[in-house]
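Feature list (source: TrEMBL):
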{"type": "BINDING", "residues": "GLY105, GLY106, LEU107, MET108, ARG127", "note": "substrate binding site"}
{"type": "BINDING", "residues": "ASP128", "note": "Mg(2+) binding site"}
Amino acid sequence: MSERILEGNLEEKLKHLETFSSCDVADALLKIDNPYGGFLPDIVMFSPDYLAGNSKLIGPVFTVKCVPVSDVNSPKPSQHFADAVPANSVVFVSAPPDTINAVWGGLMNTRAKIRGAKGVVVDGRVRDLEELRADGLPVFAKAISVLSAKAFTRPTSFNEPVFLNGNYEPQIKINPGDIIIADLNGVVCIPQKDLDRVLELCDKYVAMDQKVKEELLKGTTIQQSFALHRK
């Protein structure tokens, strides 16, 4: 992956995406039959605040996969993944299921910030919340831990497809270059091939919902408002 992965038209599209919420995007993905509307369940905002504020994280995914330290067969990268984070990316870290340790903490966060990352999404636990919040990067995770990774997990690969932990059918796949939008409501992953269609649908249906809201504020019933503007 290049050092700078937002170029030209994609950067303009991501600015457009900023005008929508994760809920808007999930609705659009459901309309094009994306399983689960791209939603990554149970991952919530921990930084810069816990489930508060207007922070929004948007960018192309840079994936990191971790395995238990007992796994002696999986590859061992020669480079630390934090040193490979591309500018403008969203780091997505996949921990082994039921891991009690953190796979992301203050030092990695600082390095990612210096590398120009937009933020971090962790399918697992994080730690050093005070450091994460001081850095100001948006960080989303499933939970927290006081334990470092060293005795429990290690990275095995980066910038390769990963699957979200959980019993989902079909499995939820996150590919390098997919687009993350994360905010107070949650985290959604947009396949990059679907970005244009998602933007079109968000434009259409957000405008419709605004008209519905205007009707509701006039005292119109929700059934009548839907009949008028959700056709």
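Quick reminder: no glycine exception, Cβ is built from N, Cα and C everywhere.
Unlike curated entries, TrEMBL annotations are predicted automatically.
Between the CA atoms of GLY106 (substrate binding site) and the residue listed as 'Mg(2+) binding site' there is a gap of 5 Å. Under the three-state DSSP scheme, LEU107 (substrate binding site) falls in the helix class.
A straight line from the CA of GLY105 (substrate binding site) to the CA of ASP128 (Mg(2+) binding site) spans 5 Å. All protein chains considered, the CB of ASP128 (Mg(2+) binding site) has 21 other CB atoms within 10 Å. Cα spacing between LEU107 (substrate binding site) and the residue listed as 'Mg(2+) binding site': 9 Å, rounded to the nearest whole number. Take the mean position of the Cβ atoms of GLY105, GLY106, LEU107, MET108, ARG127, the recorded substrate site; other residues of that chain with a Cβ within 8 Å of it are ALA102, TRP104, ASN109, THR110, VAL126, ASP128, GLU131, LEU132, SER148. Across the structure, MET108 (substrate binding site) and the residue listed as 'Mg(2+) binding site' place their CA atoms 10 angstrom apart.
Within the same chain, residues at least six positions away from ARG127 (substrate binding site) with a Cβ under 8 Å of its Cβ are ALA102, TRP104, GLY105, GLY106, ILE144, SER145, VAL146, LEU147, SER148.
Neighbour counts were taken at the CB atom with a 10 A radius for the binding-site residues LEU107, MET108; the maximum falls on MET108.
If you draw a 10 Å sphere around the CB of GLY106 (substrate binding site), it holds 18 other CB atoms from the protein chains shown. For GLY105 (substrate binding site), other Cβ atoms within 10 Å of its Cβ number 20.
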